[in-house]
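Per Swiss-Prot, the features are as follows:
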BINDING   Cys482  heme binding site
CARBOHYD  Asn299  N-linked glycosylation site
CARBOHYD  Asn392  N-linked glycosylation site
SIGNAL    1-22  signal peptide
Amino acid sequence: MLDILRFVLICGILWILRRVLLRVFIHSPLDKIPGPPPVSFAKGNLPQLYDRNGWDFIKGLGEKYGGVVKINGLYGAKMLFVFDPAALSSVVVKDQYVYERSEDATKSTRLMLGDGLLTSQGETHRKQRKLMNPVFSINHMRDMMPIFYQISRNLRDAIASRIDNGEKEIDVLDWMARTALELVGQAGLGYSFDPLVQDKADAYAEAIKALVPTAFGLRLYRPLLPIALKIGTPAIRRRILKLIPSTRLQRMREISDAIDAHSKRIFEEKKQALARGDEAVLKQVGAGKDILSRLMQANMTASEEDRLPENELLGQMSTFIFAGMDTTSGALAHTLQLLAEHPDVQDKMRAEIVAALGGGQEIPYDTLVDLPYLDAVCRETLRLYAPVTTVNRTAQEDIVLPLSEPIRGTDGNLIQEIPVPKGTEVIVGILASNRNPALWGPDAAEWKPERWLEPLPDTINTARVPGVYSHLMTFLGGGRACIGFKFSQLEMKVVLAVLLSSFKFSLSSKEIVWNVAGIQYPTVGASGKPEMPMKIDRVKNT
């Protein structure tokens, strides 16, 4: 077994050496694209881009170089950082099937999450979305409102029981993460992960929370994955994996195993309930209205051509949990922090919510989604603090990238379009696009919910940013736009409506730092632990 491990290591070194030599000695069309110097040849600019304070680096790219910038990847790789609107349209809409996820990114995600939307490509991806689009429809969102409200009330009661004696400091991120998991569990999978009663979160929730930071720490090894997956059988590869003395790698294996085991158990229970008939389905969590039940029922009646195999249905489960937990919980936590920083906005938003409740417990779907100030606060938070800051795509063939505005090359000439060689990694600058002052104006870096209560700048409307949501790249666009973005919006609005009608949120004395790398998450000061303490008190009736 050790001989196989040495063989894998030698193959990896030779593969890296070959790629390095090709990059050093072969001329690239990207050589004339301006960009910052690398930190080092081995790491390029990636330490700056993925630093916890990476926004300063991203902001500098736009100010100095424009909407398309050449940055340096691992071992001399030439990459493009893109937030020019025309270039974005090409990458995520017009030429979306040329710009796919890289082989190593796809395979590493598949190992963690299975064969879901995040790992499928081409015809398989189109087939999966075709079957899944109806279960994310507005009509289905209406059906899930009782689930959303019940879980949000459970959260409210849990917080209320902890502040009986007055204002108390509570880790808001932890509670938002637990709530997001329970929402995606019940509404997405028809399964309850966490009743929101105990102070300690569910062990499965803890594993999911650790997934992104753990995987992010292994990103430098990802290019070796395609080679490693060609060696032996899965059983042999697993034995080799257990021999590698890496705490982070072994933690990643444990997390992946936990996700897989939990998903299979839920799936089997759901299959058995569907086989027993309607009465058994109604007795399950969610009463058969959850996304997975609807998806499995649709799959059973689909044509042979459109039907998904079980491994792809299982993959959707892991994808729901992964995509729906960290992103939404982070967005909710950030919104509450911003409301604490702007108490006048919090008061105005609370007044709107209380008026809409009219003394009742729930705001109907149509009324809730149309509350103007609540909607403005959510949109502005998702604009300025998009949970996912960048996504990566790789050109599967040679292609030309159009530009809205020309950039000046390193030779002094204006560049109107960029030839992109096959294999080039393109980084979609989600946060950079959302904060682009050329589109949003000089106050683009300010949190101003009121901007959504008046007409947006003409520069926004004419730019045609290809995002599926409000001229923003937060949920991407095209065939790979976030399929659950309406689910996420509804989740945010219901939770905020329930919490703000009962509680007042204030800032902790502790310094909160938002880490930009990958998925944004808060920490206290220089700590690496995701958390966000806030002071919470009951709303005083007047």
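Cβ atoms here come from the backbone N, Cα and C positions, even for glycine.
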Item checked: All-chain count of other Cβ atoms within 10 Å of Asn392 (N-linked glycosylation site) -> 14
Next item on the list: Give the distance between the Cα atoms of Cys482 (heme binding site) and Asn392 (N-linked glycosylation site), rounded to the nearest whole Å.
Entry: 15
Next item on the list: In whole Å, note down how far the CA of Asn392 (N-linked glycosylation site) lies from the CA of Asn299 (N-linked glycosylation site).
Entry: 31
Notebook entry, point to check: How many other Cβ atoms are found within 10 Å of the Cβ atom of Cys482 (heme binding site), counting all protein chains shown?
Noted result: 21
Checklist line | Protein Cβ atoms within 10 Å of Asn299 (N-linked glycosylation site), excluding its own | finding: 17
Checklist line | DSSP three-state assignment for Asn392 (N-linked glycosylation site) | finding: strand
